[in-house]
Amino acid sequence: MATKFPKFSQDLAQDPTTRRIWYGIATAHDFETHDGMTEENLYQKIFASHFGHIAIIFLWTSGTLFHVAWQGNFEQWIKDPLNIRPIAHAIWDPHFGEGAVNAFTQAGASNPVNIAYSGVYHWFYTIGMTTNQELYSGAVFLLVLASLFLFAGWLHLQPKFRPSLAWFKNAESRLNHHLAGLFGVSSLAWAGHLVHVAIPEARGQHVGWDNFLSTPPHPAGLMPFFTGNWGVYAADPDTAGHIFGTSEGAGTAILTFLGGFHPQTESLWLTDIAHHHLAIAVIFIIAGHMYRTNWGIGHSIKEILNAHKGPLTGAGHTNLYDTINNSLHFQLGLALASLGVITSLVAQHMYSLPSYAFIAQDHTTQAALYTHHQYIAGFLMVGAFAHGAIFFVRDYDPVANKDNVLARMLEHKEALISHLSWVSLFLGFHTLGLYVHNDVVVAFGTPEKQILIEPVFAQWIQATSGKALYGFDVLLSNPDSIASTTGAAWLPGWLDAINSGTNSLFLTIGPGDFLVHHAIALGLHTTALILIKGALDARGSKLMPDKKDFGYSFPCDGPGRGGTCDISAWDAFYLAMFWMLNTLGWLTFYWHWKHLGVWSGNVAQFNENSTYLMGWFRDYLWANSAQLINGYNPYGVNNLSVWAWMFLFGHLVWATGFMFLISWRGYWQELIETIVWAHERTPLANLVRWKDKPVALSIVQARLVGLAHFTVGYVLTYAAFLIASTAGKFG
């Protein structure tokens, strides 16, 4: 007899009910709880899975390169990137009627195609790719790499090639290698690629495998480098009249500090980007020699942490080294939090300081990339707190951490939680109060009675960075200050860029921005409150001091202790997910509506209508969904119909979530038993039999299913709205 799923848990495999399948899926990646798992084996399994993860990423990118080369219009797009829309891939659908075939035969294609809103065309072009052949070569190269990584993953699971536990616990060596190798050398390699391939291509000089060794990127060669005359590499940059991809107006500089944007592409100067990566390479290669390893030189993180006792912090950072180094959940929490912050920063910088040629003028792509990265940041941040809470339940040792900063966080958690609660209440009541007041007075025909607050502090900060519009005359916006004269010498293009009014750098802000900023602050603080409370109360609370004994997720502690439902760390994570999505809604609505005004040259629409609730509902959501709702109708379809369909489908998935979120165990148990009863009495259907006794989802499982539907539906609905409303206006 074959062993039943899951193989990793004999206990579950012998469960006679459908719980076996659900719990099997739920714990498949919870390696710590698997039968016979040792600490060493745990680390080895996770390590091997990283190779698989990287292989999947390479495979995915290879697929993008391949489909663009095979079915895209890359070579045509390069000739006119502002007017030709990039094609992602062809669509083959047997359900298409003639109307749909015609609607989706777009962007100069001879058959139905999808338009690319990912920005990959701009990226390929910027880094020096100009032909389909180069894209194919890249796709094959990544396929080979993916195979190599899959093999490496398999190899590191073989007994002879499994790293030891001591190797995994050697944090200093790992940090040195990751800092110097992963960040330092890869940044150096990227700077090298930009200097040797991308910059010459941008100046109309092709560099390929056939000539890259014989084509020096700078006429002076390496002589200035070895003689210390490095300024030569910054002399003679591209002129303002440079036509990207040609030698017209091109200079010879390779490492510059120009600031601002290339006038034609509206993206950062490639020579500035190369300089940036070279600087990062130098810093990180030095940083990668910082920590003490086998040679006894450099810093010991353990010694630093144990010695570091700041004022009012008790035992300070004592024993934190071992606490972190012995807890994978702590490490994962830190990694997710860092990556979450970086991903959000990427979203903010991709539109304000676009680095890829012509991407700033592809408005739909800009909107899609901003929203995409902010959503990913939201999921990563919630995951960080989830694993922080699991750390407190599974890995935290109160004795080892006595009176250090971690223990003190737990000891004064009431102060933290109550302050966050106060901030959230303050923000919520005041922001909603202002919106509601404004909404009422506008509804009664007296818009002049709105309470409109100018964000003077934020405007002052913009002025310090050089925005002259507000007349603050401070630092960079004061032409006579030291900051301005220094800036003119070191970043000559910056002030032009910040004051141009046609890009997204330091957008002009007013009362509408002030209100929505505080709405977003409310969302962020409430999400943080729920997550921080969930993590700090994960071991126990006044209501349930022994909570840690019940694990990370439990529905309730039975009828004898009333009030213990919904207080596990899992429940906090579950609730925070809704707040996280809610916050992202406000954030992306704001960004999108603000930019629709900037792009269409009509900023007044946002400024006048974003100060009251009906303005948001009517002038952002309703007005921009008109084209979407008309994607298909009795008279035919247009090329937005796929988004219209996705918009409807997203709503359906989202609404399905509530069926699981609002009804619980009893309903499902009755429903399942009724369905089983009907099956067993229906001809043909009764030939199919369950081997497991069907039981309803547990409360936690039903919440997970509901949350998954809510989340997927929410994302699908807004993605369709965002892309269709922007593409409908700007193509």
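The backbone N, Cα and C atoms fix where each Cβ goes, and this holds for glycine too.
Note that the coordinates shown come from a computational prediction; the quantities given were computed from them, not determined experimentally.
Annotated in Swiss-Prot:
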- C556, C565: [4Fe-4S] cluster binding site (BINDING)
- H651: chlorophyll a B1 binding site (BINDING)
- M659, Y667: chlorophyll a B3 binding site (BINDING)
- W668: phylloquinone binding site (BINDING)
- 46-69: transmembrane segment (TRANSMEM)
- 135-158: transmembrane segment (TRANSMEM)
- 175-199: transmembrane segment (TRANSMEM)
- 273-291: transmembrane segment (TRANSMEM)
- 328-351: transmembrane segment (TRANSMEM)
- 367-393: transmembrane segment (TRANSMEM)
- 415-437: transmembrane segment (TRANSMEM)
- 514-532: transmembrane segment (TRANSMEM)
- 572-593: transmembrane segment (TRANSMEM)
- 640-662: transmembrane segment (TRANSMEM)
- 704-724: transmembrane segment (TRANSMEM)
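Residue pair the residue listed as 'phylloquinone binding site' / C565 ([4Fe-4S] cluster binding site) shows a Cα separation of 19 Å.
Around the Cβ of C565 ([4Fe-4S] cluster binding site), a 10 Å sphere holds 14 further Cβ atoms from the protein chains shown. M659 (chlorophyll a B3 binding site) sits 20 Å from C565 ([4Fe-4S] cluster binding site), taking the C-alpha atoms as the reference points. One residue stands out among the binding-site residues Y667, W668 for having the most other Cβ atoms within 10 Å of its Cβ: W668. The Cβ of C556 ([4Fe-4S] cluster binding site) lies under 8 Å from the Cβ of T564, C565, D566, I699, each on the same chain and at least six residues away in sequence. For the pair Y667 (chlorophyll a B3 binding site) and H651 (chlorophyll a B1 binding site), the Cα-Cα distance reads 24 Å. Using a 10 Å radius centred on the Cβ of M659 (chlorophyll a B3 binding site) and all shown protein chains, the other Cβ atoms total 14.
Remote same-chain residues near the transmembrane segment (273-291) are listed as 172-173, 175-181, 183-185, 187-188, 190-191, 194-195, 198-199, 254-257, 298-301, 355 (criterion: CB distance under 8 Å, separation of at least six residues from the stretch ends).
The Cβ of H651 (chlorophyll a B1 binding site) lies under 8 Å from the Cβ of G713, T717, each of which sits 6+ residues away along the same chain. If one looks beyond the transmembrane segment (46-69) by at least 6 residues along the same chain, the residues whose Cβ comes under 8 Å of a Cβ in the stretch are 31, 86-89, 116, 118, 120-121, 124, 132-133, 135-136, 138-140, 142-143, 145-147, 149-150, 152-154, 156-157, 163, 168, 328. For the recorded site, C556 ([4Fe-4S] cluster binding site), the DSSP three-state label reads coil.
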